[in-house]
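Feature annotations, courtesy of Swiss-Prot:
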- Arg103, Lys104, Lys107, Glu129, Asp130, Val131, Thr132, Thr133, Ser134, Gly135, Gly136, Ser137: 5-phospho-alpha-D-ribose 1-diphosphate binding site (BINDING)
- Thr133, Arg161: orotate binding site (BINDING)
Amino acid sequence: MSKTNSETGNNFEQQKQELIAALKACGAVRYGDFTLASGKKSKYYIDIKKASTDPKTLKIIARQAALRIKEMDVDTVAGVELGGVPLATAVSLETELPLLIVRKSVKDYGTKSRFVGDLKPEDRLVMLEDVTTSGGSVRDAIEVVREAGASLKYVITVVDREEGAGEKLKEADVELVPLVSASDLLK
């Protein structure tokens with residue numbers, strides 16, 4: 001028996017509330033004066049790297065992302081160093097899909113590759129991101145993956161700060177799938 005859209009919507013709402021409670025309980029939401037990766041100033045900071053070190057919160061994130069992935073035509077889970085790696089690793093374990101780590105730059109030793117893991121031109125990836133603001137950080141990783149010939153149409157973010165990332169990714173033909181929005185988290 002399949003679930004109705006109403007049941008699925010209620011389930012996603014329950015999951016969102018569970019994740020919000022976990023993020024707050026592990027201390028991932030902080031207030032003060034912060035500078036974001038984009039250079040913008042903010043009165044709050046969402047520390048998903050801290051949440052990633054809490055096994056209960058990381059498990060909730062992985063489980064919820066895995067449920068979204070079931071609706072996508074993908075065969076590889078990717079994450080950008082540093083914040084996306086624990087998320088993508090946990091989701092890879094949950095979904096049993098292969099993991100790809102995207103480095104921010106080429107190392108001048110070892111394989112000298114931007115990728116850790118196998119990437120083939122026919123691969124269809126979903127990228128995991130900790131927090132999205134403007135979408136600039138993840139855009140570089142999307143371009144590198146696409147230059148290698150693989151397809152990337154989805155970015156799952158734990159928290160979307162609702163400051164333009166969705167629109168910027170849409171321009172690149174990528175759908176942003178937030179588990180939680182900042183406005184929901186900060187209520």
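Heads up, the Cβ atoms here are built off N, Cα and C, so glycines get one too.
All features noted in Swiss-Prot, drawn onto the structure.
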residue: Arg103; record: 5-phospho-alpha-D-ribose 1-diphosphate binding site; Cβ within 10 Å: 15
residue: Lys107; record: 5-phospho-alpha-D-ribose 1-diphosphate binding site; Cβ within 10 Å: 11
residue: Asp130; record: 5-phospho-alpha-D-ribose 1-diphosphate binding site; Cβ within 10 Å: 26
residue: Thr132; record: 5-phospho-alpha-D-ribose 1-diphosphate binding site; Cβ within 10 Å: 27
residue: Thr133; record: orotate binding site; Cβ within 10 Å: 23
residue: Ser134; record: 5-phospho-alpha-D-ribose 1-diphosphate binding site; Cβ within 10 Å: 18
residue: Gly136; record: 5-phospho-alpha-D-ribose 1-diphosphate binding site; Cβ within 10 Å: 14
residue: Arg161; record: orotate binding site; Cβ within 10 Å: 23
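A straight line from the CA of Asp130 (5-phospho-alpha-D-ribose 1-diphosphate binding site) to the CA of Arg161 (orotate binding site) spans 11 Å. Spanning the residues Arg103, Lys104, Lys107, Glu129, Asp130, Val131, Thr132, Thr133, Ser134, Gly135, Gly136, Ser137 that the record associates with binding 5-phospho-alpha-D-ribose 1-diphosphate, the maximal Cα-Cα distance equals 27 Å. DSSP classifies Arg103 (5-phospho-alpha-D-ribose 1-diphosphate binding site) as coil under the three-state reduction. Counting in whole angstrom, Arg161 (orotate binding site) lies 31 from Lys107 (5-phospho-alpha-D-ribose 1-diphosphate binding site) by their C-alpha atoms. Between Arg103 (5-phospho-alpha-D-ribose 1-diphosphate binding site) and Thr133 (orotate binding site), the C-alpha separation comes to 20 Å. Annotated pair Lys107 (5-phospho-alpha-D-ribose 1-diphosphate binding site) and Thr133 (orotate binding site), C-alpha to C-alpha distance, rounded: 27 Å.
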